[in-house]
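Data block below; observations after.
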């Protein structure tokens, strides 16, 4: 037994005597005594009781290196006090210190211990000062002190002797005074202080200090941000001031700072010295902005307030508003017009050396096609417009954007209704007309007949002293087509067509559609400027940025010059065909203009709604009494939507009207099916098909979906459906009369009237009218008809019969029964 154990043994014996009665000792000392007793018993049997440090390490199943404080390998053996492997002079071979000695030592070394710990690298700590060891020891000392403080509060007067005796034992600090607690807490805070931006990690690797964030401490981030801000301020100061400060009302200090390249703080200081106290977000008036500009010795000029939504102002510019020095020659824009099937597309097909006509439904053009052809290294832009009467608006659009109109007239047909309409459109647009008399390859045709007819519409040929160029051609064989192109270039040279490629690009929408994968797709014809990919653009009531741009042959373009037809994507919605487009300064301006135009259009549509007045009351009530055919129109392009909707509205059937609930570009989707189901509408699809779940939904919800690729078929079938909506008109037809002469009453059958057919014929399915003294008593259906005892289908004049009237048993002798039927009168088509 060692000397330390001998010293400890009397204390154990003393505690055993004191614990004979449990009520004599406090709970804290009973726990202490139990711990000492178990320890002494273990040592008496040769068992070595581990210390507190060893207990914690065994519980965690991790051994630590005493020199570094890190987790040691599995084969590492800890060094215990008194072992041969303990280094000389280490704390493990030193005699155990009393509590007062430890406190004096800690108070002397606390200041010198903290500084090396702060400077120590987390992976290479100073000897005997590793964070793990210090943290663990301080935690144990603090717990001992806390236990001693609570014990002294209860037993301050009775156990001072025991506290001094236990000072050198295992629980030496357990009964120390409360003053030690404050010192231990202070020492614990000092020793566990770590460098900024680090923290201790719990677990076996506790004590390894790591960075708290990927970018270091917040202080370093603040310093870096301040440095960047200072660099930006210096860069602004290095930039020269503008000569003129162009401002608009409502600008704030931030807006002014961006224009004159100065810091916001600097401007606020100047305004404060000038007697103006504002913040950076407060709007400045014109006087304040001019005062600030004068302080910077620059001129202030207010911008004119321009309505960004008024894009039509760009098309109202005269020759005086255009810089003539920047104008260059451009390709002529030629529109091919004429009656249906007169050979417009065939002519263009020959020019392009493609076969467009064969691929078009019904062999007719149903949308505007924009293409380019080359002759003698010069480009000509062609627009092919439909000739059917339904496409009046599309022909008008083609005439409004064109330089020259090619009027195609078939030599065998002559002047037709759409030919006359095309002439009027071209004359209204004030464009020169070149007449192409087509189909001269047909035997027996005479082009002079066409020339004589055209003179009635002020189209006088040059040989008769007029200015109209006329060229007989054959689009099928190509005869005289080159001569026609030469006439086009000659006319273009006479017109001296020029444009400014450096101006803001503007033009018109030829066609628009909704593509499933690409979104809104618009075919544009550039009239001024150069359109580039990425330009912010306003198209009618829509806006966006040019995402992609292709030419007529689907080749991708980065830029397009005037008179070039292009197909673009990137718009937020499908625009209307015929709308103008303009490139804006920024996407913000484009968005503002597009949204403003859309809002105005919505307000105009709302204001143009039908208002019922005394003057229109009768017609409004008449419309409400009419049968309605509700339609939903979906087509592939905007021009087809307009043409089909206008044609359907023109169908006139007395008593029935067309109500188009919805007309849009794109495939038939689930929303269209739901709308049709709710409103009982018929869906008309033109060159489109149901997509996704729409087809299945239409079958399940019994929605009528009609699909067409020729406009004639759509119009004819809708007209037939409208005629079918009329209520049939019936006319009464008298069949015969019966004079009642005798009555037979049966309990199960009722009253049977016996009589004689005095006129006509009585059938078993006829309606009957009971007349008594010239007054109709009952009008209903014949119940049964008998001749003798047999049921018969009819009884002719002069024969007796027996009959019953359904739901009526009050016949009397002398009544007259009239038999009649209702026949439907066919409505006139």
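Just so it is clear, glycine is given a Cβ too, placed from its N, Cα and C backbone atoms.
Taken straight from Swiss-Prot:
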REGION    1-239  region 'Disordered'
COMPBIAS  8-19  compositional bias 'Basic residues'
COMPBIAS  81-113  compositional bias 'Low complexity'
COMPBIAS  159-168  compositional bias 'Polar residues'
COMPBIAS  207-221  compositional bias 'Basic residues'
DOMAIN    329-498  domain 'tr-type G'
REGION    338-345  region 'G1'
BINDING   338-345, 384-388, 438-441  GTP binding site
REGION    363-367  region 'G2'
REGION    384-387  region 'G3'
REGION    438-441  region 'G4'
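Across the range of the region 'G4' (438-441), the DSSP-based residue counts are 0 helix, 1 strand, 3 coil.
When the binding-site residues 338, 341, 344 are scored by other C-beta atoms within 10 Å, 344 scores highest. Under the DSSP three-state reduction, residue 341 (GTP binding site) is assigned to coil, being neither helix nor strand. Predicted-model confidence for the region 'G3' (384-387) is 58, expressed as mean pLDDT.
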